[in-house]
Amino acid sequence: MAISKKILPLLSIATIFLLLLNKAHSLGSLSFGYNNFEQGDERNLILQGDATFSASKGIQLTKVDDNGTPAKSTVGRVLHSTQVRLWEKSTNRLTNFQAQFSFVINSPIDNGADGIAFFIAAPDSEIPKNSAGGTLGLSDPSTAQNPSANQVLAVEFDTFYAQDSNGWDPNYQHIGFDVDPIKSAATTKWERRNGQTLNVLVSYDANSKNLQVTASYPDGQSYQVSYNVDLRDYLPEWGRVGFSAASGQQYQSHGLQSWSFTSTLLYTSPHYLKLGRFMI
């Protein structure tokens, strides 16, 4: 059947529109998953500091010896090599994202420290100086409480709780949101269980600007905390996602076992797309 010459331009416009829409979606989204880390996965990961990758053991963020005994004064991070679009300057829109991961903490002492954090930072983020210990590899202690000195948002799982020693920690083990400075904006009590896997879901809703964390152990014990935050106030337009962990004089190992992440930038309103003299 012949196609009318009047219909062809409309088909061309529709095709171009779909291609542009698909491109916009691909530029504004990121998705990856590691249910179990396998050989070759490290090609898409950036390891920093003392972090090591093993196909059989996952990612060990802080230093351990050949017997698995954790070291003192150690810090390590892992980031995904692909950048994520956090918001769009031209339209001022935000991204939705969801991260799922599991980790295990082990310590030969009762008061092991310091903790692990899921974080989002600028693409060129490196481990700050002197950040082993309580700042969890996220900031230099001298600028830890200076919002303008850091561009990072983190969900921390902090096992250190001697408040009088650093001035920012609550006096209990906790899950907390670190919005730029290291002091948590919102926290909930959390129990570190030596050698047990903690499964975590972190989600961000761009419409409500709500960041929520749900964590649980295999026996069903769960924890939840949420906080409203506008990513545009703290983070650049593009960033990287990853994990950071550290120990000071009190020590423990921090093993990342699985990690998946998805993000989608909310679609730009159709009137922003112009095709020739047509406004879609």
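Count begins at 1; order follows the chain as displayed.
Positions of Cβ are set from backbone N, Cα and C atoms, glycine also.
Remember, predicted model here, so these are calculated numbers, not experimental data.
The annotation signal peptide is assigned in Swiss-Prot to 1-26 on the grounds of experimental evidence.
Sequence annotations record features per position, and here Swiss-Prot assigns carbohydrate binding site to D114, G134, S165, N166, G248, Q250. According to its DSSP assignment, G248 (carbohydrate binding site) is coil.
The secondary structure of D169 (Mn(2+) binding site), as reduced to three states from DSSP, is coil rather than helix or strand. Residues annotated as Mn(2+) binding site in Swiss-Prot, with similarity to another entry given as evidence: E156, D158, D169, H174.
As annotated by Swiss-Prot, Ca(2+) binding site applies to D158, F160, N166, D169. Residue environment of D158 (Mn(2+) binding site) contains 26 other Cβ atoms, counted within 10 Å of its Cβ in all protein chains.
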Exercise for the section: Going by Cα-Cα distance, pick out whichever of the binding-site residues E156, D158, H174 is nearest to G134 (carbohydrate binding site). Expected result: D158
Problem - Most crowded position, judged by CB atoms within 10 A, among D114, E156, D169 as binding-site residues - result: D114
Completion exercise
Listed in sequence order, the binding-site residues within 10 angstroms (C-alpha to C-alpha) of D114 (carbohydrate binding site) out of D158, D169, H174 are D158
Fill in the blank from the handout: Same-chain shell around Mn(2+) excluding E156, D158, D169, H174, C-beta within 8 angstroms of the CB centroid, reads G115, F157, T159, F160, Y161, P170, Q173, I175, G176, S184, T187
Practice task
Pick the one among the binding-site residues G134, G248 whose Cβ has the fewest other Cβ atoms within 10 Å in this structure.
Solution key: G248
